[in-house]
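Feature annotations, reproduced from Swiss-Prot:
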DISULFID  CYS3-CYS21  disulfide bond
DISULFID  CYS14-CYS38  disulfide bond
DISULFID  CYS42-CYS53  disulfide bond
DISULFID  CYS54-CYS59  disulfide bond
Amino acid sequence: LKCNQLIPPFWKTCPKGKNLCYKMTMRAAPMVPVKRGCIDVCPKSSLLIKYMCCNTNKCN
């Protein structure tokens, strides 16, 4: 997940209301993204799942 280093034309712009980019990974396999997309509030990470969030609405 890249927040501020956008690589055109592959970046994603999140819609209003869900304007944070996020990526979810399993802590056991941190290099394998499970899910990524847009969300309104960054979820808290748990023992098994780690969330990375951008504070912008554009990300790669």
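Residue numbering: from 1, along the chain as shown.
Each Cβ is built from the backbone N, Cα and C atoms, and glycine gets one as well.
Projection of Swiss-Prot feature records onto the structure.
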{"residue": "CYS3", "record": "disulfide bond", "CB count, 10 Å": "15"}
{"residue": "CYS14", "record": "disulfide bond", "CB count, 10 Å": "19"}
{"residue": "CYS21", "record": "disulfide bond", "CB count, 10 Å": "26"}
{"residue": "CYS38", "record": "disulfide bond", "CB count, 10 Å": "17"}
{"residue": "CYS42", "record": "disulfide bond", "CB count, 10 Å": "14"}
{"residue": "CYS53", "record": "disulfide bond", "CB count, 10 Å": "17"}
{"residue": "CYS54", "record": "disulfide bond", "CB count, 10 Å": "20"}
{"residue": "CYS59", "record": "disulfide bond", "CB count, 10 Å": "24"}
Pairwise Cα distance for CYS14 (disulfide bond)/CYS42 (disulfide bond) [Å, integer]: 14
DSSP-derived class (H/G/I helix, E/B strand, else coil) of CYS54 (disulfide bond): coil
Distance, CYS54 (disulfide bond) to CYS38 (disulfide bond) (CA atoms, angstrom): 10
Alpha-carbon distance [CYS53 (disulfide bond); CYS21 (disulfide bond)] in Å: 6
